[in-house]
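Peer 1: What follows is a structure written as structure tokens; I'll ask about it next.
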Amino acid sequence: MEDEWKPLLASERAGEAYTDRGVMDSLDPKSKRPFHVEPRNIVEDDVPERVSAEASVMSSRVHYYSRLTGSTDRLLVPPDHVIPAPEEIYVYSPLGTAFKVQGGERPTKNPSIVTIFAIWNTMMGTAILSMPWSIKQAGFTLGIIILISMGLLTLYCCYRVLKSPKSIPYEDTSDWEFPDVCKYYLGPFGQWSSLLFSTVSLIGAMVVYWVLMSNFLFNTGKFIYNYVHNVNMSDSEYGTNGTERVLCPFPSQDTGKNCSMSLFYLGDNSTGMPLFDYWWSKTNTVPFYLIILLLPLLNFRSAAFFARFTFLGTISVIYLIFLVTLKAIRLGFHLEFHWFEPSKFFVPEFRVLFPQLTGVLTLAFFIHNCIITLMKNNKHQGNNVRDLSVAYLLVGLTYLYVGVLIFASFPSPPLSKDCIEPNFLDNFPSSDILVFVARAFLLFQMTTVYPLLGYLVRVQMMGQIFGNHYPGFFHVFTLNVVIVGAGVLMAKFYANIGSIIRYSGALCGLALVFVFPSVVHMISLRRLGELRWPSALFHSFLIFLGVANLVGQFFV
């Protein structure tokens, strides 16, 4: 009986139409709707009834329109009033009955407010912890100017990515992503290179996560040890302001290196080394302890369980905003403007180290590889540009708020602004309860997000190389060992998340933020005969900025 059924129209989500001869393949995606049958003709447990005359006329109309057009011509597709709305999905049998397809899920359409905060939540990542340090590297005034300018530039490039599928004529681009657009204009090189840089950005994020998780686990264990053993830390290590204490861990050393202070001891006379420090070191032991927890999680076939905890990212950002606000109120503002020359406690307003900020911001505003997917679920597609702009505004304001408040409230004197760490939480002692809560919460949140990032890397790499997301345990395990190994090495030898973010951001941003969107747009205009020299000059300048951004990371 099952072989007697022949589908007339399949799911709109699949974007395919079927008949017994396949003549419906030319239908426009917006018109590919299920064949309509009156409720009394639907097969349930009752005896099947014949299809009504109205349904037969509808079928004839669909066949008529489908024969008027070729496979790539949209001019003669069936109009919306001919094809009924897609609330129901049926397959039509030549025997004269219709069978309702069960289990087909239609994509959920979100209102603008949900779409905006989905983009905000997706963009809010580890870069928020490095924003005060990044502004310090550029100088307070220049840092604010660069943050606003980079937000506008990356917004425009993201807009170009969002519009790129719609510029392709005579093609059904409803299911296309940006790598498909790059393949259309640039061939296999565009597709593979865009996938490569997208994968590099994910691996870079995983490395940053490993460094941060090692940091948070180390400080969480340190807090618990101090609390259990009632260990008090000397105030001489801190700049104090009322009841608040702020730490300057590396007053005269490269912050990329780890020189953690030994403030508590459980003596081991045979070696002269504190026993707790020996087994609980931020660089020598804690990064390896994480392997026991996270490596098995990366080998799961599906990351659906961890996807349930993505809401924790929003809660953690909200808590960080609350923490920054509270610290700023308690510490007060400490600002002096020295435009080009540093002073003992303050950095100049304009510094030649500003490319470090542009590198961090490239990754901080990076959402270009998934913006098309996010916007597909927007309920009102006409509002896409507006919603994208509002989301970027919220992201920029969040970064500006955190970066400016931490920089301005950092107690100078007695400490120098140069003491601001790449992870601003490191400027607060492990005994600070509010900061302890932030670290513990971020540790749990990153532990759930890390397997999701690994799953995305596996899907991209294994899917392209082997055509299977899980080709075998050995393949997946080898890939995960390489990714984990990179995180462990960086956490041990170079635990500066600011530098890791800026290098990976500048590298991936060169391709996916500046070069590919600009090149694709110029090629599209040229094929349409609409490319003019102002547009070519502007987009070539964007490509130059991307190259300069990457090169600048190696000279500062």
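Each position is counted from 1, following the chain as shown.
Cβ atoms here come from the backbone N, Cα and C positions, even for glycine.
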Peer 1: Which stretch, out of 1-34, 35-68, is listed as region 'Disordered' by TrEMBL?
Peer 2: 1-34
Peer 1: Can you name the far-off residues of the same chain, 6+ from the ends of the transmembrane segment (536-555), with a Cβ under 8 Å from a Cβ of it?
Peer 2: 153, 157, 355-356, 358-359, 362, 502-503, 506-507, 509-511, 513-515, 518-519, 521-522
Peer 1: Six or more residues beyond either end and a Cβ under 8 Å away: which residues meet both conditions relative to the transmembrane segment (473-494)?
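Peer 2: Apart from its flanks, the transmembrane segment (473-494) reaches 203, 206-207, 209-211, 214, 256-257, 283-284, 286-288, 290-291, 294-295, 298-299, 454, 457-458, 461-462, 466, 500.
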Peer 1: Hey, which bits of the same chain come close to the transmembrane segment (278-298), Cβ under 8 Å, at least six residues off its ends?
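Peer 2: Distant contacts of the transmembrane segment (278-298): 210, 213-215, 217-218, 221-222, 225, 258, 260, 268, 271, 306, 447, 450-451, 454-455, 476, 480-481, 483-484, 487-488, 491-493, 495.
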Peer 1: Can you say which of 113-133, 353-375, 387-408, 433-453, 500-524 has the most Cβ pairs under 8 Å with the transmembrane segment (310-333)?
Peer 2: 433-453
Peer 1: Report the listed stretch (113-133, 139-159, 192-212, 353-375, 500-524) having the maximum count of Cβ pairs within less than 8 Å of the transmembrane segment (387-408).
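Peer 2: Answer, by Cβ pair count: 113-133.
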Peer 1: For the domain 'Amino acid transporter transmembrane' (115-224), DSSP counts of helix, strand and coil?
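Peer 2: In the domain 'Amino acid transporter transmembrane' (115-224), the DSSP-based counts are 95 helix, 0 strand, 15 coil.
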